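Chemist: Take a look at what TrEMBL says about it:
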BINDING   ASP46, SER47, ASP85, LYS115  3-methyl-2-oxobutanoate binding site
BINDING   ASP46, ASP85, GLU117  Mg(2+) binding site
ACT_SITE  GLU184  active site, proton acceptor
Amino acid sequence: MRKKIMIPDLYAKYEKGEPITMLTAYDYPMALLEEKAGVDIILVGDSMGMTVYGLDTTLPVTLDMIIRHAQAVRRGAPTAFIVGDMPYMTYQVNKDEAIRNAGRLMAEAGVDAIKLEGGREMAETIAAIVKATIPVMGHIGLTPQSISQLGGFKAQGRTAESALKLVEDAKALEAAGCFSILVEAVPPEVNKVIVETVKVPIISLGSGVYGAGQCLIVHDMLGFFDRFTPKFVKKYANLNAEIVKALEAYVADVKEKNFPGPEHVYPMSREEVEKFLAELNK
Ligand SMILES: Nc1nc(=O)c2c([nH]1)NC[C@@H]1CN(c3ccc(C(=O)N[C@@H](CCC(=O)O)C(=O)O)cc3)CN21
Ligand SMILES: CC(C)C(=O)C(=O)O
Ligand SMILES: [Mg+2]
C-alpha cells in the first residue's frame, strides 16, 4: 500500500513540478477505486447534493451528510489526502461556529483538511480555523454556494475588474494561512497570474493547465451524471450507458425467465427433496 499522503508530500510534488491529482468521491466504492488509481486528493464535496442526492443546488447539504459520506470515503481510501467540504452556513455565521464545525469534520470523519468557499471576506475565519490546527483549502472563482448572488453557475473573472479582485482574493487566502487554493471556472490567463502571485499550490477546476494540479467531479468525468455538463469536463467514460445496458439486460432476462439459472440457486439432495415431499403429503 502507498504511504499516507500528507501536506508535506503535496508540497514536495508541487516543488518537483509533479502535477497533483484531485477528484471528488462521496462513498466507499468510489474511494476504493480512486485509491487504487493513485489519486492524490479526494474531495468529499458538497456537490454530492447534486450528483448523489439529485438536488438543484449545493445549499441544502448539511454537515452531518458530509461527515457520514467522508467516513465512508476514509474507509475506502486510507492513504489518499481527504478534504472535507464545509457546507453552506456551517462557517459563514461566526468564527467560533466555523472552528467547531471544521473540527467535527476532522475528528468525526477523519479528513486531512477542510475546504470552504470565499475570498477576502473569509480571510479572518480561515485564519481562526488554521490557528485551531485545521488545514484549510481555499476556493475562489465559481463558488456554487453563492449561486443566488452570482445569478447561476457561471464562469468568473472574465472582466479585468473581476480578474483583479480574484488575484487580491488569492493573496488574502494565502496570507490567512490556506495550504492550497482551488480556483474554479476562471479563464487560464487569470489563473496563471494567481499561480505566479501566490506561493501555495493552486488546484485548477476548469481554469486551465496552470498551477499545481487538476480537479474534476468524478461523476462528470465518468459520465455518471446527466443533468448538465460544465464546459471544463472531459468525459473519460460513459458509465450511464454501460449501467443502463446492464439494467436493461437484467429486465429482459427476468421477463424472459432467463434469470436465475441453475448456477444461481442452492441445491438440495434428491433424497432430502423426496423426504420433504413425502412428509408434506402425509
Ligand atoms: N456535477 C457537477 N459538476 C460540477 O462541476 C459542479 C456541480 N455538479 N455542482 C456544483 C457546481 C456547479 N458547477 C458548474 C456548472 C456549470 C458550469 C458551466 O460551464 N456553465 C456555463 C453556462 C452558465 C450559464 O450561463 O448558465 C458557462 O459557460 O459558464 C460550470 C460549473 C460546478 N459544480
Ligand atoms: C466543485 C468542487 C471543487 C466542490 O467544491 C465540490 O465538489 O463540492
Ligand atoms: Mg463544494
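The backbone N, Cα and C atoms fix where each Cβ goes, and this holds for glycine too.
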Chemist: What binding-site residues in ASP46, ASP85, GLU117 place CB under 6 Å from ligand 3?
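Modeler: So the answer is ASP46, ASP85.
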Chemist: Here's one to test understanding: among the binding-site residues ASP46, SER47, GLU117, whose C-alpha is closest in space to the C-alpha of GLU184 (active site, proton acceptor)?
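Modeler: So, spelling it out, the nearest of the binding-site residues is GLU117.
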Chemist: List, in residue order, those binding-site residues out of SER47, ASP85, GLU117 with a Cβ under 6 Å from any atom belonging to ligand 1.
Modeler: SER47
Chemist: Between the Cα atoms of GLU117 (Mg(2+) binding site) and ASP46 (3-methyl-2-oxobutanoate binding site), find the distance and write it as a whole number of Å.
Modeler: 11
Chemist: What binding-site residues in ASP46, SER47, ASP85, GLU117 place CB under 6 Å from ligand 2?
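Modeler: Among the binding-site residues listed, those whose Cβ sits under 6 Å from ligand 2 are ASP46, SER47, ASP85.
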Chemist: Looking only at Cβ atoms, how many others are within 10 Å of the one on GLU117 (Mg(2+) binding site)?
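Modeler: Total other Cβ atoms inside 10 Å, all chains included: 23.
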Chemist: If one looks at the chain holding ASP46 (3-methyl-2-oxobutanoate binding site), which residues at least 6 apart in sequence have a CB under 8 angstroms from its CB?
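Modeler: Residues satisfying the criterion: THR58, VAL61, ILE66, ASP85, MET86, PRO87, TYR88, PRO144, GLN145.
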Chemist: Does anything in the same chain, at least 6 positions from LYS115 (3-methyl-2-oxobutanoate binding site), have a Cβ under 8 Å from its Cβ, and if so what?
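Modeler: For LYS115 (3-methyl-2-oxobutanoate binding site), the qualifying residues are LEU43, VAL83, GLY84, ASP85, MET86, VAL136, MET137, GLY138, HIS139, LEU182.
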Chemist: Enter the number of other CB atoms within 10 angstroms of the CB of SER47 (3-methyl-2-oxobutanoate binding site).
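Modeler: Here the count is 21.
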Chemist: Can you see whether DSSP assigns GLU184 (active site, proton acceptor) to helix, strand or coil?
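Modeler: The residue in question, GLU184 (active site, proton acceptor), is strand (DSSP, three-state).
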